[in-house]
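Visitor: Below is one structure. I have some questions about it.
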Amino acid sequence: MDTFITKNFQTTIIQKAKNTMAEFSEDPELQPAVLFNICVHLEVCYVISDMNFLDEEGKTYTALEGQGKEQNLRPQYEVIEGMPRNIAWMVQRSLAQEHGIETPRYLADLFDYKTKRFIEVGITKGLADDYFWKKKEKLGNSMELMIFSYNQDYSLSDESSLDEEGKGRVLSRLTELQAELSLKNLWQVLIGEEEIEKGIDFKLGQTISKLRNISVPAGFSNFEGMRSYIDNIDPKGAIERNLARMSPLVSVTPKKLKWEDLRPIGPHIYNHELPEVPYNAFLLMSDELGLANMTEGKSKKPKTLAKECLERYSTLRDQTDPILIMKSEKANENFLWRLWRDCVNTISNEETGNELQKTNYAKWATGDGLTYQKIMKEVAIDDETMYQEEPKIPNKCRVAAWVQAEMNLLSTLTSKRALDLPEIGPDVAPVEHVGSERRKYFVNEINYCKASTVMMKYVLFHTSLLNESNASMGKYKVIPITNRVVNEKGESFDMLYGLAVKGQSHLRGDTDVVTVVTFEFSSTDPRVDSGKWPKYTVFKIGSLFVSGREKPVYLYCRVNGTNKIQMKWGMEARRCLLQSMQQMEAIVDQESSIQGYDMTKACFKGDRVNNPKTFSIGTQEGKLVKGSFGKALRVIFTKCLMHYVFGNAQLEGFSAESRRLLLLIQALKDRKGPWVFDLEGMYFGVEECISNNPWVIQSAYWFNEWLGIEKEGSKVLESIDEIMDE
């Protein structure tokens, strides 16, 4: 029965039916016949509503008669069935009050705007007349009745309420369902709607009425007063309730979508008067510089690891006369430098732990004592100087070249690997051999990808940060930013990318913020792309000789903050691997099913029959750039990492809203002729998410490029079609 229901009814109808059952604590899996009855009942209500319309003067039209006049028509019937029970009652009372009629004692299924009458719809396995009189006895004249039977008969209290076509459609659908059920031997197990209705009607006496009035919560004098308050309150269901009331006034005109109707999103990202989007990731990525120290591969305490790395690069460790290269707007460079020196001294001193003294500059950097003071509501009301702070709307920014550069650098191969994955036991079943082979190819490609090194740095740092935040809530702690890499020869190196300072971390809630000051090494001169670094204060602290060449070393300092949720996600950053690998594995599986054998090796390297697979991985000078299967895997993995690193509400909103546009473009490509309404509203929903998130702005830029290419392609196809027609 479950499969039958899924196959024969729309998903929205099934979901509403399940919600209705949930309100009565009924289980759809245990009572599939009840679920079926509710689905049929809902569908009949929608069929009746979809077939009948009214114009502004109240004249009735069928769906066929109303073609071409859709702008001036509205549904004749309001569908109440399928709404959550409390909202349905609110809508029913509102409609009764609006049209000056008495509210029925029972919930109706439909409301007729022409006759201003509520309607009960019934479906029965027996005779329609028998069920009609059962309903009539229960409901009296409080509402009209529309009863339909699987036996191809019907009974209406008002014959003019439904035309012949409407009756025919309902009865045809019931016949079709009965035939399908009989074919699958399910007809006999189905119980009729009339058999599951159980109820006892009784008159509300004076005693019970008094008890009801006494039982209302404090603040209400009687039951009717409480009901009136509930009807007018603005709870979470306010949107649904108001929409239900507005439905007769709403006119939606679908329009067939053409390529010309689609425009680029976020035009402000090309506005050169706006500032470039700044770098705001928690840690440096492609600009990082790790101080390497060869190790035997044994595990070490973070402090020991950092101390050994600093000892190897003593000129950087002992630097006391830095050169200020760049200063962020609110930074105090003297305080930041003194805090850095305290961090170095703490790490270098074997006798102390990694706790910092609470100096005035440490308090400034960690924001100690700058938290908002909570004021009780009663006090705030009496104080005229107290007011609600205006919400801060993010400033709009334009696209910056550094985002694409980060993407390119992170998806390249390096000579070191940092990926730390658990070992898997030996294969047992044949399918495990395929899995191991596939995993080997995937991991080899990802292992030496720059993005995997950055990912592991995030994982290790957030793990240490969360541990310290929980273990030392009232202390300032130095946390080394470290990683361990292995080169192609199998030699292990400890890497120190910088140091961080954790402020006080009494994190009661998941969103409570802990201040983190980061000090990171880099060989990138910030003046080369100054628009990227407005959030950083940068010092030049010396130089290193790499391959016989002197490279300057800069210290990037930033006051930042995070919370438990973000730290937990940082610890789980390895999930980025899953999404990218699953995406590529789906392609391998598809190829394997076509060829009839495992195509893992063929996709990566090719075989005697097939060349290695290639994919479009970007554009260059307006043309698509192809890349190998492995390169495509690394690009998708890097995108997953960037999605995590720059993830916020803007990105969530953009991903959800832009998906609709992508589906429309795909439908146009497939020549399915999509219809839309309120396209500008969809664009508004997308564009309000494009503010100052680097990944969102870059994604919008890529979307516009892709849209341009698809539009050009559609013109070529149209010209080919014209030639073929001639």
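Keep in mind that glycine also has a Cβ here, set from the backbone N, Cα and C atoms.
Bear in mind that the values here come from a model prediction, so they are computed numbers and not experimental data.
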Visitor: Quick one: which of D50, D109, D130 does Swiss-Prot put in the Mn(2+) 1 site with H41, E120, V121?
Guide: D109
Visitor: Between 125-140, 413-428, 557-572, which stretch does Swiss-Prot give the note motif 'Nuclear localization signal 1 (NLS1)'?
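Guide: Checked against Swiss-Prot: motif 'Nuclear localization signal 1 (NLS1)' maps to 125-140.
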Visitor: Take the C-alpha atoms of H41 (Mn(2+) 1 binding site) and E81 (Mn(2+) 2 binding site) and report the distance between them in angstrom, rounded.
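Guide: Cα to Cα, H41 (Mn(2+) 1 binding site) and E81 (Mn(2+) 2 binding site) are separated by 9 Å.
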Visitor: Give me the DSSP three-state residue breakdown of the motif 'Nuclear localization signal 1 (NLS1)' (125-140), ordered helix, strand, coil.
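Guide: Residue counts in helix, strand and coil order: 12 helix, 0 strand, 4 coil.
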Visitor: Rounded to a whole angstrom, what is the C-alpha distance between E81 (Mn(2+) 2 binding site) and D109 (Mn(2+) 1 binding site)?
Guide: 5
